[in-house]
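Each remark here refers to the structure printed beneath this line.
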There are 6 protein chains.
Amino acid sequence: QKYHNLHSSKSNSILSSTSLDNKPKAAMATLSSLRIQPIFCFIVLLLLPLPPCSADPDPLQDFCVADLKASLSVNGFPCKPASEVTSDDFFFDGLGKEGNTSNIFGATVTGGNVLAFPGLNTLGISMNRVDLAPGGINPPHSHPRSTESGVVIKGKLLVGFVTTGNVFYSKIITAGQMFVIPRGLVHFQQNVGEGKALTFTAFNSHLPGAVVLPLTLFASTPSIPNDVLTKAFQVEDDVINGIKSKFGS
Amino acid sequence: QKYHNLHSSKSNSILSSTSLDNKPKAAMATLSSLRIQPIFCFIVLLLLPLPPCSADPDPLQDFCVADLKASLSVNGFPCKPASEVTSDDFFFDGLGKEGNTSNIFGATVTGGNVLAFPGLNTLGISMNRVDLAPGGINPPHSHPRSTESGVVIKGKLLVGFVTTGNVFYSKIITAGQMFVIPRGLVHFQQNVGEGKALTFTAFNSHLPGAVVLPLTLFASTPSIPNDVLTKAFQVEDDVINGIKSKFGS
Amino acid sequence: QKYHNLHSSKSNSILSSTSLDNKPKAAMATLSSLRIQPIFCFIVLLLLPLPPCSADPDPLQDFCVADLKASLSVNGFPCKPASEVTSDDFFFDGLGKEGNTSNIFGATVTGGNVLAFPGLNTLGISMNRVDLAPGGINPPHSHPRSTESGVVIKGKLLVGFVTTGNVFYSKIITAGQMFVIPRGLVHFQQNVGEGKALTFTAFNSHLPGAVVLPLTLFASTPSIPNDVLTKAFQVEDDVINGIKSKFGS
Amino acid sequence: QKYHNLHSSKSNSILSSTSLDNKPKAAMATLSSLRIQPIFCFIVLLLLPLPPCSADPDPLQDFCVADLKASLSVNGFPCKPASEVTSDDFFFDGLGKEGNTSNIFGATVTGGNVLAFPGLNTLGISMNRVDLAPGGINPPHSHPRSTESGVVIKGKLLVGFVTTGNVFYSKIITAGQMFVIPRGLVHFQQNVGEGKALTFTAFNSHLPGAVVLPLTLFASTPSIPNDVLTKAFQVEDDVINGIKSKFGS
Amino acid sequence: QKYHNLHSSKSNSILSSTSLDNKPKAAMATLSSLRIQPIFCFIVLLLLPLPPCSADPDPLQDFCVADLKASLSVNGFPCKPASEVTSDDFFFDGLGKEGNTSNIFGATVTGGNVLAFPGLNTLGISMNRVDLAPGGINPPHSHPRSTESGVVIKGKLLVGFVTTGNVFYSKIITAGQMFVIPRGLVHFQQNVGEGKALTFTAFNSHLPGAVVLPLTLFASTPSIPNDVLTKAFQVEDDVINGIKSKFGS
Amino acid sequence: QKYHNLHSSKSNSILSSTSLDNKPKAAMATLSSLRIQPIFCFIVLLLLPLPPCSADPDPLQDFCVADLKASLSVNGFPCKPASEVTSDDFFFDGLGKEGNTSNIFGATVTGGNVLAFPGLNTLGISMNRVDLAPGGINPPHSHPRSTESGVVIKGKLLVGFVTTGNVFYSKIITAGQMFVIPRGLVHFQQNVGEGKALTFTAFNSHLPGAVVLPLTLFASTPSIPNDVLTKAFQVEDDVINGIKSKFGS
């Protein structure tokens with residue numbers, strides 16, 4: 001049940017998204033046990049700049065390939081000079097490789113968003129590859145401002161989401177079947193088949209972002225105070241501490 | 001620490017939002033214990049039609065007061081005939097009364113959104129009143145597509161949110177101070193003062209909606225399978241069952 | 001080189017889109033020759049109501065499953081009553097079956113848009129399945145207001161688009177590779193491999209629509225006058241008549 | 001009836017908004033009489049960069065705290081580097097202090113918009129504090145592209161707006177009551193009670209802006225020609241000159 | 001200097017816009033004097049349903065020709081059934097006729113918006129024809145949520161607008177020259193030439209709407225209280241009463 | 001039938017739009033024959049940076065006059081410092097001069113978009129002047145994301161467009177008549193009168209862009225492969241080569 005995320009490239013392996021926010025290095029330095037290491041890698045990925053979005057503003061030119069290293073930061077990304085744009089800017093190789101699912105969730109999300117594929121900048125769309133080992137889950141999460149749709153390519157998935165009225169809609173689907181998750185709602189995918197599962201998902205944002213609930217609630221830096229979590233989930237401190245420890249916090 | 005929500009009007013008292021989705025009556029019929037009753041009321045409120053939104057589409061006329069009982073359902077609400085609109089349609093009395101905080105969270109959110117105040121329809125804005133008893137929390141939740149800002153009117157609040165990169169930003173603020181929660185991010189307010197606390201919040205949507213995490217994860221109808229939750233939070237079945245039982249599921 | 005589109009369900013087989021506009025029945029009645037018959041089917045599909053869109057307005061509730069048979073027509077579709085919505089509304093089976101490519105283009109587009117999958121209504125996203133026989137093309141077309149991205153599942157595709165500055169960007173890609181077509185630009189896919197090819201495409205609209213240029217220019221009802229086309233393409237009448245006849249006009 | 005606006009900080013005291021446009025220093029130099037001085041201050045505030053907006057474009061990342069001193073000017077503001085963002089960026093102290101109402105209008109608007117609270121940048125929301133002395137008015141004005149809502153905290157206010165069809169809707173409201181002003185319509189608040197009045201207002205834009213009609217029409221730099229104003233309001237030159245002189249023009 | 005607006009068709013003659021709001025018939029019945037009659041006509045035009053808008057939500061189909069008489073009112077208008085749409089729906093004859101400028105302003109605005117030209121519905125654009133007699137003005141007004149651009153066809157116009165920072169930008173332009181008025185700002189056109197003037201204006205909304213300041217401030221139904229207006233414009237009651245009487249209030 | 005476009009200024013003469021994309025100089029160097037020269041000029045114009053757009057994101061300040069020479073490229077254009085803005089920035093002289101129609105299409109489009117008139121930046125609107133010699137056409141084209149409307153000033157025009165359902169709507173109109181072309185659809189104007197024709201068109205984008213089909217399909221750099229075009233239009237290589245040669249490819 002170890003968690004080893006071997007993907008070294010930020011563009012190739014993230015759990016639905018990482019974030020523009022920051023890289024709290026001090027916090028990371030405290031992560032050292034073996035059990036923690038995998039989640040450490042996991043967190044590193046999630047700390048990369050991958051903001052949530054959806055219903056992106058419309059483009060104002062044919063394209064604006066992102067200049068991810070521009071000195072100035074704006075809403076979205078500045079554009080690479082058009083004279084330097086080539087056909088390669090509109091194609092991306094990163095979704096072809098099966099993700100490593102040897103981690104606590106038994107799943108890996110490989111992102112095809114603007115951070116990995118700068119040609120998507122301003123175009124309001126992105127796609128992810130989700131690999132799941134048998135029993136693996138893409139844990140409950142939400143995309144702050146993006147609808148998600150997906151097509152199962154291989155395997156058998158339980159896909160479900162919960163509305164703001166707390167109704168849980170779900171179904172088990174297989175290859176060729178499509179699903180949709182309304183914007184901002186909590187959802188998950190679980191591999192309920194016997195073999196590996198693969199699905200490609202699409203988002204109406206160039207950077208869908210992800211609020212991965214176990215990590216948001218129990219692995220933030222700094223931590224959400226136990227007093228808030230015990231009251232929210234009506235449990236004792238030790239339960240909260242137990243969960244936090246699983247995620248290295 | 002009982003939860004008695006005495007507000008009888010849907011428009012006056014909801015936890016950040018309710019939902020358009022549905023009213024699973026059968027499920028409700030099974031809720032009967034005393035401990036459950038308060039949360040039952042709570043859930044009823046949350047099951048009311050209150051969709052998540054933000055960055056609402058622009059209005060196409062001066063106003064379009066919602067006809068909440070129209071036979072046809074569209075994106076948003078149809079408009080009340082303009083000839084029947086009066087000054088009263090643009091004013092709302094529901095935020096003046098202190099909410100009852102005798103519930104498990106020690107807090108009540110009174111909604112001033114399109115469901116309570118139909119004049120807001122298509123205008124892209126709404127406001128809530130949040131009352132918190134000492135120690136009370138507006139538990140971790142997100143508004144699927146709305147930014148939130150707020151001004152503290154009374155008391156001392158810890159206000160915090162977590163980014164998609166799992167960074168937790170927070171501060172303790174008092175009367176006259178303002179905060180902002182970026183769209184779709186998980187956040188909470190906790191009364192950390194000695195007396196009651198009151199804050200008015202604003203949303204850039206006529207129906208902000210709310211994904212209240214304890215309820216979304218542990219009190220949906222039907223339930224999210226334990227297999228998903230145990231794997232997501234790395235706990236045993238009994239922990240999940242314990243939490244679910246607190247919320248009457 | 002016959003064109004037989006055997007798909008009987010509007011929801012399962014369309015060339016990128018059809019249209020809300022109309023069903024000129026008289027015009028169709030004149031289509032009778034064998035050669036014309038397949039393109040007739042093709043046109044029928046294209047005449048189905050599939051409007052172009054993108055950057056759809058934001059949803060104003062969790063979901064609004066389309067009521068495709070509502071008596072009233074609005075921008076988008078009215079919603080099915082929430083009380084009648086079930087889990088099945090958020091899942092779609094239509095993309096699992098290989099499309100019939102026995103037509104003049106050697107390709108079939110199977111649409112997973114709001115017309116086929118009403119649960120997508122207001123959610124701003126859709127997906128298509130594109131099957132191409134060896135040498136087949138998804139002919140030059142544009143989506144009036146939608147960006148397109150796609151992942152190749154099988155085979156070898158030449159994917160290209162032309163900017164408003166008349167620059168042609170293209171690349172040959174294979175399984176696992178992703179491409180993006182900026183909004184509104186003319187593009188095509190061609191199977192340049194030896195076997196069948198398959199790609200799933202995604203759009204940031206619940207109804208991407210398609211302006212399929214050979215059909216738009218040479219197979220409209222009524223026809224664009226030859227005087228316009230000869231001057232536009234700098235050819236003689238017989239060339240225009242020849243092309244029109246290929247498409248049954 | 002003197003007008004003394006003692007607020008020295010641009011972020012703490014403005015009349016609904018100021019503007020990005022410019023700082024016509026020469027014009028200001030001519031303002032010197034005592035009567036003019038207060039309005040001079042008033043104008044200075046209004047000349048500060050506070051653009052009108054509403055239905056702001058969606059954010060493309062979790063946050064983009066405004067860098068108000070960036071060398072480059074874009075639609076909205078460039079972002080402060082994420083690594084320099086702290087919790088303090090999401091909280092604002094400026095609305096806690098009662099505004100000075102010793103001016104010709106007997107009212108002061110303290111802005112909680114992106115200029116005062118840079119953390120609001122791209123988040124599409126802002127709030128103002130409006131203090132009114134007995135009899136004081138927030139004079140007829142419009143927010144070019146923002147809806148306004150508000151909650152009365154103290155006192156008794158007459159709140160009214162006029163539609164494009166010239167219908168005047170209004171009501172006298174007190175503490176706890178909420179109002180809404182549709183986008184772009186002319187509206188005002190007047191303190192009709194015996195004591196001070198206070199209201200917090202919210203806008204669906206990070207910079208609502210304000211077209212304050214007395215100032216727009218009679219105190220612009222340079223002046224709107226009398227020939228236009230006499231014809232528009234069907235009065236003689238001396239009436240126009242009289243009004244202009246009250247505002248120091 | 002009488003005001004005779006002879007246009008009998010609502011679609012052919014309005015001052016920049018009328019409104020969806022209402023038709024206060026009782027109020028109109030009190031308008032009887034000769035001097036009032038012209039402005040009465042004027043007001044009638046302005047009371048017609050012409051809401052302000054701009055940055056309209058995107059269309060979700062090729063077209064949605066407005067059904068102005070639909071029983072249900074929504075944001076914008078429901079669509080005429082596609083099967084009843086003909087070429088004529090996309091063309092409009094109403095801008096060809098010179099407007100009657102025999103009114104107090106010496107100008108007439110003929111609207112080419114969705115109310116006159118239903119084919120514009122959902123398409124986010126409209127155009128007006130503005131005729132001005134020598135010396136005539138299109139009085140200071142704003143379009144609540146629409147930018148305006150225009151081309152002078154004939155004559156010599158002073159075109160000016162005031163920013164939210166109270167800076168007045170203006171220029172005298174002649175045939176073939178183009179101008180732009182940023183969204184929501186107060187602007188006017190005055191014929192400063194010796195002959196008639198004509199300009200065609202365009203709006204990025206299917207219903208630009210207009211807040212015509214003299215009428216908004218002094219001719220609303222019911223009236224804005226004198227107490228507000230005297231304080232706002234720093235004049236005595238008799239000045240306000242004088243202006244109101246010119247507009248028949 | 002020569003094509004001489006004598007307009008030397010990029011801002012004064014373009015065919016509906018040019019593009020931000022690029023200036024493939026090598027390709028241009030190969031254009032040398034007399035017949036090619038005019039189209040060469042034509043292409044040069046089209047290669048200028050004029051991206052397609054529509055439904056532009058809303059402005060976030062009163063104005064943001066484009067700084068077309070800014071070092072940084074963003075979605076749209078950075079703003080000229082407000083302190084350098086003058087009245088002249090909001091007026092444009094370029095549409096007053098009749099365009100030269102001595103080219104293969106017998107028509108010239110003079111652009112009044114953000115590239116020619118930087119004051120339009122972020123304001124979501126632009127206008128073009130279209131001059132057509134007798135028999136001249138503005139060839140079939142689409143604006144990737146902009147609706148178009150227009151008013152005929154002089155002459156007799158056949159205006160038509162084709163829906164995504166391949167229905168052709170058209171009408172012959174004369175001076176004073178208005179038309180609308182839904183977003184993204186293929187359309188054209190043809191002068192079917194005996195004299196010159198002139199129309200002013202408006203777009204709900206500051207840079208409408210244009211996909212001019214003859215050039216997109218047959219004059220791109222590099223060329224679309226004949227294999228694609230022969231299959232798309234069901235013609236032989238020589239037909240494709242013939243058309244390409246007319247456009248200098």
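Even glycines carry a Cβ here, placed using N, Cα and C.
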Checking TrEMBL: of B:C41, B:C79, the cysteine bonded to B:C64 via disulfide is B:C79
Filtered by Cβ under 8 Å and at least 6 apart in sequence, the residues in the chain of B:H187 (Mn(2+) binding site) near it are B:P140, B:H141, B:S142, B:E148, B:V159, B:G160, B:F161, B:V162, B:I181
Using a 10 Å radius on the Cβ of B:N138 (oxalate binding site), the other Cβ atoms enclosed count 29
Within 10 Å, the Cβ with the most other Cβ atoms among the binding-site residues B:H141, B:H143 is that of B:H143
After the CB under 8 A filter against chain D, the remaining recorded positions out of B:C64, B:N128, B:N138, B:H141, B:H143 are none
Taking only the CA atoms, the spacing between B:C64 (disulfide bond) and B:N128 (oxalate binding site), expressed in whole angstrom, is 21
Averaging the pLDDT values of the domain 'Cupin type-1' (B:93-241) gives 96
Counting across all protein chains, other CB atoms within 10 angstroms of the CB of B:C79 (disulfide bond) number 22
With neighbours defined as other CB atoms within 10 A, the best-packed of the binding-site residues B:N128, B:E148 is B:E148
Residues among the binding-site residues B:N138, B:H141, B:H143, B:E148, B:H187 lying close to chain E by Cβ (under 8 Å) are none
Rounded Cα distance in angstrom between B:H143 (oxalate binding site) and B:C79 (disulfide bond) is 25
B:N128 (oxalate binding site) and B:C79 (disulfide bond), compared by Cα position, are separated in whole Å by 23
In all the protein chains shown, the tally of other Cβ atoms within 10 Å of the Cβ of B:C64 (disulfide bond) is 28
